[in-house]
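Let me begin by presenting the structure, written as structure tokens, before commenting on it.
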Amino acid sequence: MSNRPMSVVILAAGKGTRMYSDLPKVLHLLAGKPMVQHVIDAARELNAQRVNLVYGHGGELLKTALDDRSLNWVLQAEQLGTGHAMQQAAPYFADDEDILMLYGDVPLITGETLRRLQAVKPDGGIGLLTVNLANPTGYGRIIRENGRVVGIIEQKDAAPEQLAIGEINTGILLAGGADLKRWLSKLTNNNAQGEYYITDIIALAHQEGRQIEAVHPVRTTETDGVNNRLQLATLERVYQAEQAEKLLLSGVMLQDPARFDLRGTLEHGRDVVIDTNVIIEGHVKLGNRVKIGSGCVIKNSVIADDCIISPYSVIEDAQLAPDCSVGPFARLRPGSELAEGAHVGNFVEMKKARLGKGSKAGHLSYLGDAEIGANVNIGAGTITCNYDGVNKSKTIIGDDVFVGSDTQLIAPVSVAAGVTIAAGTTIMRNVPAAGLVYNRKEQQLNASWQRPQKKK
């Protein structure tokens, strides 16, 4: 096992022609984040002292999307093979460190597998990640003599007997910095593709009498690459199945694991139940006995014990105290807070608003830039009119206020505790004390009026 410091090279220069996209291939999303970010995250599990990202097509898009100052950006102006890509990064290799080579379009690689690779790398030699495939077509074959790895032959350069070999090269390897620089300087492009293959360093190492040790990944799918959208969609389902399995084994009840997407991280308590077609994004924390209904989307939110989220609700950057209920068809936008026992019903939207303990907004309301006290009833059709075309203003509603249906509150405005607002009222000024507030005109009846008739 190598105990030397380590740096990483991630190859991410490919255009991804078969994606039929203007976006660089490695920026296409898997589980809500770019494929290459998954690889960076895995590399960082090994405490790499430097992560070199070799880029080419769409470099500015990459730099903008990743926005990571700790990355060392290495330009590969021409894509002349994996060996050529590593040659561009070689000036950054320290002689006394190990270099781990990864790929930006192999997103399921894990820190666990990479530590396994570290464990087998011999001093002065190469650690190589390989897998056995029933159908190895298209992959470089591992050449062994007396059981020891001596080389890799690419598909287009292989003889018929070599094509029958089932052990293939994943492209992921670990080698010493000084050795790797020396081997890279000896690469040629004398092959069917006219490219510089990184795989040729295996034969060079063997010629020097260096030991090459191969190891398999924890899961074969970790080394699957993405060249088209079908492969990306396939790996998405592989990833989601793995996440669902982990959650089920940790006590979360997923009603249908095949219809659940985790695009981030999920912390959870005991006896959490999640129905079908739920999407979790960013970092979400669910307390004990939380129930999430079908079709909900929850992002970067904390939902405390005993909350019930009914179907088709969308919750983003929100905080829910215990015993709250939301939905169905509710939307909690960033900055929404529900105190203990609060209820937000169907077709209610909140944004930068706090609903106090035991307060209820049952249906068909918009509550934006609002501070609402405890035990408040928000009637159907209530709107906090918070925007004048330029500025956002705040509405403050005290404890025990009853807001009748079809009420508009023109912010900035405050309503004192205990006020009752009659249905159909427009609140334009502060209400300073408890009582009934209303501003509608007397009801009129025109008995002679006749409804218009359609012409026949």
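Using the three backbone atoms N, Cα and C, a Cβ is placed for every residue, glycine included.
Per Swiss-Prot, the feature active site, proton acceptor maps to H363. Per Swiss-Prot, UDP-N-acetyl-alpha-D-glucosamine binding site is recorded for 11-14, K25, Q76, 81-82, 103-105, G140, E154, N169, N227, R333, K351, Y366, N377. Residues or ranges marked as Mg(2+) binding site by Swiss-Prot on the basis of sequence analysis: D105, N227. Marked as acetyl-CoA binding site by Swiss-Prot: A380, N386, Y387, S405, A423, R440. Residues annotated as region 'Pyrophosphorylase' in Swiss-Prot, with sequence analysis given as evidence: 1-229. The region 'Linker' annotation in Swiss-Prot covers 230-250 and rests on sequence analysis. Marked as region 'N-acetyltransferase' by Swiss-Prot: 251-456.
Structural mapping of features recorded in Swiss-Prot.
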residue: L11; record: UDP-N-acetyl-alpha-D-glucosamine binding site; DSSP (3 states): strand
residue: G81; record: UDP-N-acetyl-alpha-D-glucosamine binding site; DSSP (3 states): coil
residue: G104; record: UDP-N-acetyl-alpha-D-glucosamine binding site; DSSP (3 states): coil
residue: N227; record: Mg(2+) binding site; DSSP (3 states): coil
residue: R333; record: UDP-N-acetyl-alpha-D-glucosamine binding site; DSSP (3 states): coil
residue: H363; record: active site, proton acceptor; DSSP (3 states): strand
residue: Y387; record: acetyl-CoA binding site; DSSP (3 states): strand
residue: A423; record: acetyl-CoA binding site; DSSP (3 states): coil
residue: R440; record: acetyl-CoA binding site; DSSP (3 states): coil
(request) Calculate the per-residue pLDDT averaged over the region 'Pyrophosphorylase' (1-229) and state the result as an integer. (result) 95
(request) For H363 (active site, proton acceptor), just count the other CB atoms lying within 10 A of its CB, please. (result) 18
(request) Quick one: of N227, N377, N386, S405, which of the binding-site residues has the smallest count of other CB atoms within 10 A? (result) N227
(request) Work out the three-state DSSP category of N377 (UDP-N-acetyl-alpha-D-glucosamine binding site). (result) strand
(message) How many Å separate the two farthest-apart Cα atoms among the acetyl-CoA-binding residues A380, N386, Y387, S405, A423, R440?
(response) 23
(request) May I ask which of the binding-site residues G104, N377, A380, Y387 is closest to H363 (active site, proton acceptor) if we compare their C-alpha atoms? (result) A380
(message) Going by Cα-Cα distance, which of the binding-site residues (N227, A380, N386, S405, A423) sits nearest to R333 (UDP-N-acetyl-alpha-D-glucosamine binding site)?
(response) N386
(request) Sequence order is fine: just name those binding-site residues in N386, Y387, S405, A423 with a Cα within 10 angstroms of L11 (UDP-N-acetyl-alpha-D-glucosamine binding site). (result) none
(request) Please name the residue among the binding-site residues L11, D105, Y387, A423 whose C-beta has the most neighbouring C-beta atoms within 10 angstroms. (result) L11
(request) Quick one: of G14, A380, R440, which binding-site residues lie within 10 angstroms of D105 (Mg(2+) binding site), measuring between C-alpha atoms? Sequence order, please. (result) G14
(message) As a test of the contact definition, list every same-chain residue at least 6 positions from G14 (UDP-N-acetyl-alpha-D-glucosamine binding site) whose Cβ is closer than 8 Å to its Cβ.
(response) P24, K25, V26, G56, H57, Q79, G104, D105
(message) Can you tell me which of the binding-site residues G81, E154, N227, N377 is spatially closest to S405 (acetyl-CoA binding site)? Compare CA atoms only.
(response) N377
